[in-house]
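Working notes, beginning with the structure itself.
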Amino acid sequence: MLRKLTPLALALLPLVAGQTIGETPEVHPKLPTWKCSNRHGCVKQDTSVVIDAATHWIHEKGGETSCTGSSGPNPNLCPDKETCAANCVIEGISDYANYGVQTKGSSMTLHQYLRDGNTTKSVSPRVYLLAEDGENYEMLQLLNQEFTFDVDVSTLVCGMNGALYFSEMQRDGGRSELNPAGAARGTGYCDAQCFNIPWINGEANVEGAGACCNEMDIWEANARATGYTPHPCNITQLYECSGAECEANGVCDKPGCGFNPYALGAHDFYGYDLEVDTTKPMTVVTQFYTKDNTTTGALVEIRRLYVQNGHVIQNAVVSVDGESVDSITADYCADPSSAFNRLGGLQRMGEALGRGMVLAFSVWNDAGSFMSWLDGGNSGPCNATEGDPALIEKLHPDTHVTFSNIRWGDIGSTYRGKRR
């Protein structure tokens with residue numbers, strides 16, 4: 001919906017744009033990636049990452065008062081979006097290591113905690129992949145393609161989640177007169193959980209809306225459990241929800257239709273010294289097959305495989321309703337009462353992958369449920385309390401995840417390994 005501004009507000013927009021970006025420079029850590037094809041091999045891209053806008057210092061122009069309050073934008077500085085843009089400055093970040101992000105070559109490590117003198121602080125970074133121009137997000141279109149990365153989860157204990165996923169954010173991060181920084185400062189985040197966040201597309205969320213969009217979780221994991229999950233929505237790109245639209249029966253599928261080997265009965269497949277051995281780095285491959293095997297066809301299957309020690313490891317084969325299953329298909333997600341199917345299922349998820357999605361990386365833990373939905377109870381081997389963030393901070397302050405060698409392209413073009 002277009003907003004109507006008064007002539008005075010329109011006159012101020014160029015001034016607002018000039019005031020919004022602070023003086024501290026933004027230095028994006030380099031993280032090269034590769035685009036691959038069966039015909040031409042893999043071509044290196046000079047890509048980089050940017051940390052989420054909310055991690056940046058957003059403060060009063062000419063002062064140090066934060067523009068973010070305890071439950072949203074500071075109401076004194078941000079009574080409305082236009083006033084907020086005039087009052088507030090978003091600073092750059094010149095050293096991402098201070099926020100738990102370290103890159104070296106084609107590798108990136110995300111730390112949950114940092115030592116600061118005699119204290120430990122939680123930083124829990126979330127970053128997005130920028131295109132070679134450094135101003136816009138890299139948009140990945142993955143229908144009838146595969147996405148591959150190497151990962152080391154060996155220090156991610158119970159209760160941790162080193163995540164890699166796709167979000168249907170806007171390419172420019174919602175760059176506008178009120179948000180001239182855009183993707184270059186990490187604006188525009190959204191996902192299928194439709195969270196009420198202080199800033200939506202870089203503008204003050206004074207209405208308390210939720211930021212919704214299609215989400216494809218490629219990798220949610222620690223050393224004890226893993227899952228991959230499509231979360232379709234019945235909207236495109238970032239949608240500002242309100243009321244019931246943001247809830248369980250709203251515009252997005254919050255639980256999704258996931259594949260967690262442990263939850264499906266394969267208890268000896270993934271973990272310490274198991275078939276996929278999490279004490280060692282591994283290669284993770286996710287393939288998006290279409291009905292007609294073209295990059296414009298309907299998504300019909302999301303397949304997973306691993307490569308470790310030079311050998312290809314097929315995904316765990318599990319039994320669901322008496323059928324052997326090792327991938328996500330319409331039959332696997334067949335529950336007609338699920339939000340997944342109500343909102344369009346694989347068809348809708350595929351449409352988002354066809355339009356293009358932004359790659360996000362994060363590391364986090366969960367004070368509410370101790371990440372038990374991922375690695376406890378029926379979902380994994382972790383007990384009810386060991387995922388407590390207070391316990392993790394005390395016993396495992398160096399917990400981190402390392403992602404590297406990110407590539408995508410034609411199916412079969414991004415990995416090598418011997419079949420067992």
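Cβ coordinates are placed from backbone N, Cα and C, and glycine is handled just like the others.
Because the structure is a prediction, the values reported are computed rather than measured.
Record features (Swiss-Prot):
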type	residues	note
ACT_SITE	Glu215	active site, nucleophile
ACT_SITE	Glu220	active site, proton donor
CARBOHYD	Asn118	N-linked glycosylation site
CARBOHYD	Asn234	N-linked glycosylation site
CARBOHYD	Asn293	N-linked glycosylation site
CARBOHYD	Asn383	N-linked glycosylation site
SIGNAL	1-18	signal peptide
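Here the features listed in Swiss-Prot are painted onto the structure.
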residue : record                      : Cβ within 10 Å
Asn118  : N-linked glycosylation site : 5
Glu215  : active site, nucleophile    : 26
Glu220  : active site, proton donor   : 22
Asn234  : N-linked glycosylation site : 17
Asn293  : N-linked glycosylation site : 10
Asn383  : N-linked glycosylation site : 13
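It is 23 Å from the Cα atom of Glu220 (active site, proton donor) to that of Asn234 (N-linked glycosylation site). Secondary structure at Asn293 (N-linked glycosylation site), as computed by DSSP, is coil. Ranked by CA distance from Asn234 (N-linked glycosylation site), the recorded positions Asn118, Glu215, Asn293, Asn383 have Glu215 at the top as the closest.
Distance between Cα atoms for Glu215 (active site, nucleophile) and Asn383 (N-linked glycosylation site): 28 Å, as a whole number. Asn118 (N-linked glycosylation site) and Asn383 (N-linked glycosylation site) have their C-alpha atoms 30 Å apart, to the nearest angstrom. DSSP assigns the residue listed as 'active site, nucleophile' to a strand segment in the three-state reduction.
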